[in-house]
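According to TrEMBL:
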type	residues	note
DOMAIN	14-400	domain 'Major facilitator superfamily (MFS) profile'
TRANSMEM	12-29	transmembrane segment
TRANSMEM	49-69	transmembrane segment
TRANSMEM	81-103	transmembrane segment
TRANSMEM	138-163	transmembrane segment
TRANSMEM	169-188	transmembrane segment
TRANSMEM	218-243	transmembrane segment
TRANSMEM	255-277	transmembrane segment
TRANSMEM	284-304	transmembrane segment
TRANSMEM	310-335	transmembrane segment
TRANSMEM	347-369	transmembrane segment
TRANSMEM	375-394	transmembrane segment
Amino acid sequence: MKNKQISKDRKLWLTFFLGLISATGPLSLDMYLPALPTMQTTFHTQTSVIQMSITFCLIGLAVGQLIVGPLSDHFGRRMPLSIGFAIFALTSVLIMIVHSIVLFLILRFIQGLAGSAGQVLSRAVARDLFSGKELTKFFALLMGVNGVFPIISPIIGGFLLNFMTWRGIFGLLAVIGILVVIGIQLTLKESLPPKLRSTESIFQGFVSMGTMFTKRDFMLIALIQGLVFGALFSYIAASSFVFQNFFHLSAQQFSLLYALNGLGIIIGNNIPAYLTAKLTNFQVLGSALVLGALSAVIMLGSTLTTPNMMLVAVPLFLIVICIGVVNTIATSIAMNSQDKNAGSASAVLGLLMNIVGGIFSPLAGALGAKSYTPMAILIFVSELGGLGLFLVLLKAQKLDKSL
């Protein structure tokens, strides 16, 4: 579909609704963060174990995208979305009544598995409808809407804890899942008509997705985005304990600080829409990676001085802004490079982001309950790794041009 065929009102609604369905990560991960210390007491378990619920959800998000992406290229976008959010709602209800930490972790995996449909297919629908700089601009808007949820999710979670237990938070997630299913059925048109769908068998579709891993430039961009998200998930996993236990913030104060960083992500998400008029996508990406790495160095250096929350909070704010920039621009570069199999391409992007997050989250959680040094180290490694891969990509492209 050509960009000009979409009215402004329709584009506005798509931005809001796709932003909502892509928010399964923030909704599943951020809203219950203020309740983690309380949940640790409820389940009579250790900090590292309750933080594994983040990892289990991330693994589900990663695995689910591998399944949903190719299926959506074959069956279209609406059906997998509807099924995914129906299961998401059901799982949220079951989590409300569970009393076993083992069952809780299993249900968190299933919740992530189901919620992956929103993450992978919001990008695929956008690629179905837009291309080129229009896609970059739409992704900036989409990520901006998506970025609202990291702001409001912990605030809502902290607010709900004043009136109910942590189980009420998952009740709200169930309601959101049901409303999304209704919204899909009533308002979301199929963006991939039958004539444009993959004619391969489902098995061949999964095999074709494997070819994404052989595309050098696509994979380097995907790995850059994945590594930078390692910094984000390190922060997500450790921040509740670092700021509440180490810097002694209340649950409500932490929620506000977390919301401020969510605002930073929104700012970062929208920066590419303005800069790409004067700079190339790669110039914007490189600038964000350099600033993110420098901020990570400052935060890591602060671990050698007397603990000062501002020396952690300010660099973190700059880092999340850079994460927002990288998220928008890297997604646009990667998805623009794939004319076909947008669902599979989106799945690979989501897979790498969630795999890296699944690795970094438990490390940050297990090591960072009483100190922010592990979080600072992991963020430094993530940011420096992303910058290093970007330099590798530039060198490889320069070599290609010289041949």
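Every residue gets a Cβ built from N, Cα and C, even glycine.
Automatic prediction, not curation, is the source of TrEMBL annotations.
Fewer than three CB pairs closer than 8 A are found between the transmembrane segment (375-394) and the transmembrane segment (49-69), and contact between the two stretches is not assigned (pairs 6 or more residues apart). Only pairs six or more apart in sequence are counted, and the transmembrane segment (284-304) with the transmembrane segment (218-243) gives three or more Cβ pairs under 8 Å, enough to call it a contact.
With a threshold of 8 Å between CB atoms, the same-chain residues lying at least 6 positions outside the transmembrane segment (12-29) that come near it are 6, 54, 57-58, 61, 81, 85, 88, 111-112, 115-119, 121-123, 125-126, 129, 138, 141-146, 148-150, 153, 173, 176, 180, 183-184, 187-188, 236.
When the stretches 81-103, 138-163, 169-188, 255-277 are ranked by Cβ pairs under 8 Å to the transmembrane segment (218-243), first place goes to 255-277. Most Cβ pairs under 8 Å with the transmembrane segment (138-163) belong to 255-277, among the candidate stretches 81-103, 169-188, 255-277, 310-335. For the domain 'Major facilitator superfamily (MFS) profile' (14-400), the model gives a mean pLDDT of 85.
Residues 13, 17, 20-21, 27-28, 31-32, 35, 77-78, 81-82, 85-86, 88-90, 92-93, 95-96, 118, 125, 156-157, 160-161 of the same chain sit 6 or more residues outside the transmembrane segment (169-188) yet have a Cβ under 8 Å from a Cβ within it. Here the transmembrane segment (310-335) has long-range neighbours at 123, 126-127, 135-136, 139-140, 143, 147, 218, 221-222, 224-225, 228-229, 231-232, 235, 242, 247, 257, 260-262, 264-273, 276, 281-282, 284-285, 287-289, 291-292, 295-296, 298-299, 302, 342, 345-346, 349, 372, 376, 379, 383, 386, meaning same-chain residues at least 6 beyond its ends whose C-beta is under 8 angstroms from one of its own.
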